[in-house]
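These notes concern the structure reproduced below.
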Amino acid sequence: MTYRHAPHGKASIDKKKAKMPKYVYMFSEGDKDQKDLLGGKGANLAEMTRLGLPVPPGFTITTDACRAYLHDGVVPPELAVQVTTALRRVEEDLGRQLGDAEDPLLVSVRSGAKFSMPGMMETVLNIGLNDQSVEGLAKASGDERFAWDSYRRLIQMFGKTVLDIEGEHFSSALDAKKLEKGVKLDYELDVDALKELVDQYKQIVKEHAGIDFPQDPRTQLDMASEAVFRSWNTERAHIYRRREKIPHDLGTAVNVCTMVFGNMGETSGTGVCFTRDPSTGHSGVYGDYLVNAQGEDVVAGIRNTLSLADLKNIDPESYRELRAAMRKLETHYRDLCDIEFTIERGKLWLLQTRVGKRTAAAAFRVASQLVDEKLITLDEALTRVTGEQLTKLMFPQFATDVERQLLTKAMPASPGAAVGGIVFDNDEAVSRAAEGQKVILVRRETNPDDLPGMVAADGVLTARGGKTSHAAVVARGMGKTCVCGAEELEVDAEARTLTVNRDGKQIVLHSGDVIAVDGTTGEVFLGEVPVVDSPVMTYLRRGLDEALYRAEDADTRELVASVHRLMRHADERRRLRVRANADNPDDARHAIHRGAEGIGLCRTEHMFLGERKQFVQDLILAQTDEEREQALAALLPLQKSDFVKMLETMDGKSMTVRLIDPPLHEFLPDLTELSVKVALDRERGTLDPADEKLLAVVRKNHEANPMLGLRGVRLLLTLPGLIELQVRAIAEAAVERLRAGGSPQPEIMIPLVGSVRELQIARERAEKVLAEVSEQSGYKLDFPIGCMIELPRAAISADTIAEEADFFSFGTNDLTQTTWGFSRDDVEGVFFGHYMDAGIFGTSPFETIDERGVGRLMETGAKRARKTKADMKLGVCGEHGGDPDSIDFFHRLGISYVSCSPFRVPVARLEAGRAAVING
Ligand code: PEP
Ligand code: MG
């Protein structure tokens, strides 16, 4: 269209040429670093070609072409031209032409995205065969049966994957043919039978796709390539990408590769091999080989495979060549590689290689082994393992080699494997646990009242809520297994039943029935499933010596030693400090054992639950100064003793105590329940006037959006005496610890600050109390006073707020909810799935920091804070503090420390080390 107006002449033509996007790369043109453009498979084929390894000639159609196709709905016209050129180059190299009637060149078409992905189109082999070239192949190969079998396979694969015909039509025709001929196995069918099958298959194509099977080889190639593009958007591919956090807009590449045949008799075959054992990491000769077979036969498991050692006897020359290629690839990639190969009449061909997938345990072992072998540095070794892999190694896991009945699969909110009888309320959880039973607390959703039940339970299962729901956050904090948002479940706490509606069937479970909850996968099973312990957890909790001592075998010892080596290196390299979110001595101890350097968030509202809730309620409901004083006086010793214990546990380490931040409704009776009670009591004439008074206060304080209501500093400033109470408790506890010879390091943190004035007032009141206690005790108590940055206004005005703050801690949970304007307790289970499908989020912004939105506010906050105070300490204490991707961002932002649940402390240490190595 554009050249209609373009001036004539050479210059303009050259310009036009220069603009033509390059959609096709010969294997000899690319390299391994071009995965974005050529996909994983294409980039590695190019790399092997560059290395001079025997790769059949071919070319890769880029992901750019796929994206253009997905965007415009048509194949870009330049592509057809470039494919012609590339194809002719292959034809010239080999001296044969695609689909030639005498001696045909045949090709395979395979998808190959940046990340290997199930759900994409399967490979189509033997493209180029038609009614004429099949005869040519028969002659050239001297094997008529092989030629016709190849042709029938092409029509079957093409029909199924390119034309979307149900595979069953082809397989039933094949079965019927075997029955008719009285044979059992595919390869027992003779030439005539295969010719008949080809006719039948063509008929099936015509009937179900409404077209004749394309005889033109180039049409076959183009249709197959377009089908690969289309397969990017299959439902399975979408689901997989969502789960694996792979962006939906990458597109896939297409690899067109000359066919080589492993099914050309006894001197041919096909196989796969690994340069090291992918489950232990040990180097050696690992692989399978199948004589006289094509790739799909290996997967189909029709015949028993041979080992590579057997290949050494069958074909020593190919074996030697393969071993040399394996070593070359491992040295070149400096990592474990897996390789697909084919031997065609004694000639070895490599069809694919990639840095091999491996178990989490092997990842640590291989990284450490490669360091020992001086193939990689310790820094590089850190980039070869991930926090996610470490997490997998930390949890006890369910055995998978046993029979299991799946009840439901929901949000894996807090990893682990828990088995127990179901209970529906706290009392039952506590009493059964006290009898030594293992229980799973099942709730529609949890609230702070459920804490005793959660503590008593081995696992928690909820029908509502997402990864930052109360159940999820608290369970993670406790390192307790939790699955939440299981919408298929109906929880009737009153009837004490759990009803599961699945696949049209209904199962009703009663209190005490046993279930198994897998917080790593989100699966819930009926009945008992055996659990296996994790040696890495033993290491993290009890140290290297004990873990080595307890290890059952050499492999386990090697694993533990590798994890230790990489953790130690991460600690040396990381710039981010790692603290924990903990509000009781047990959690604090766990955190320290796992390497926490302090507490970044002690949520004091968690100290006011259970029986103590009444005192807070009294404080809120107090009408007179006297009533208020009484409530405060009752709370002081309790708070003080909490802090004494915490400061003792954290002796010598920083402990950020956040003053109370409860949504008010969590400390008041439920409005509806109380209204009903008062109404009923009134009718019965049994109404207690205190209840009526309480109802009036509850009604007055009722909030439609409690998370945006009288919370944090707002409550502290409006409820007289509360700041003073908490600061006094901290100060007096510190004095007690000092008297005992300890080294308490509390830091006082004010939540939900939006304006500098709020902080100023809170600070003045806190300082006054500190001064008083200093005066009384004779100890200097000048603890740092800082605030959370968890509102957009706070981030934007951080330079001003910094004037009153000794430190900041980003509360990324609230900052996310207030930046997006959605309530974290309500939205995750409700519409996040749709948002991820629509590509609005890649991952939940409550899980991984939303860099472009919330992240920018953090960046502004950090810059402004340091403009006012250059060395201001900046922490992060929201859930993102333990998330691998977010930690990388926090490192780049120059944050001083992250604070996360005790369980995630090792993951944060490792990821902080990785971030330092990767970003410098
Ligand atoms: C936060 O908002 O990120 C935070 C840590 O505070 P909380 O989750 O207790 O509101
Ligand atoms: Mg908060």
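Backbone N, Cα and C atoms are what each Cβ position is placed from, and that goes for glycine too.
Note that the coordinates shown come from a computational prediction; the quantities given were computed from them, not determined experimentally.
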Matching residue for the substrate site, where TrEMBL names ARG603, ARG658, GLY811, THR812, ASN813, ASP814 - out of GLU626, GLU627, GLU790: GLU790
Listed binding-site residues with Cβ under 6 Å from ligand 2, out of ARG603, ARG658, GLU790, GLY811, THR812, ASP814: GLU790, GLY811, ASP814
Interface check, the domain 'Pyruvate phosphate dikinase AMP/ATP-binding' (313-363) with the domain 'PEP-utilising enzyme mobile' (437-522), three or more C-beta pairs under 8 A: no
Residues that sit under 8 angstroms from ASP814 (substrate binding site) by C-beta distance, when 6+ apart in the chain: MET707, LEU752, MET788, GLU790, LEU791, GLY878
Secondary structure content, the domain 'Pyruvate phosphate dikinase AMP/ATP-binding' (313-363) (per DSSP, counts of residues): 24 helix, 17 strand, 10 coil
Among ARG603, THR812 [binding-site residues], residue with fewest other Cβ within 10 Å: ARG603
Neighbour tally for HIS470 (active site, tele-phosphohistidine intermediate), based on other Cβ positions within 10 Å of its Cβ: 21
Cα-Cα distance linking HIS470 (active site, tele-phosphohistidine intermediate) and ARG603 (substrate binding site), given in Å to the nearest integer: 13
In sequence order, those recorded positions of HIS470, ARG658, ASN813 whose CB lies under 6 Å from ligand 1: ASN813
Residues in the domain 'PEP-utilising enzyme mobile' (437-522) grouped by DSSP into helix, strand and remaining coil: 18 helix, 34 strand, 34 coil
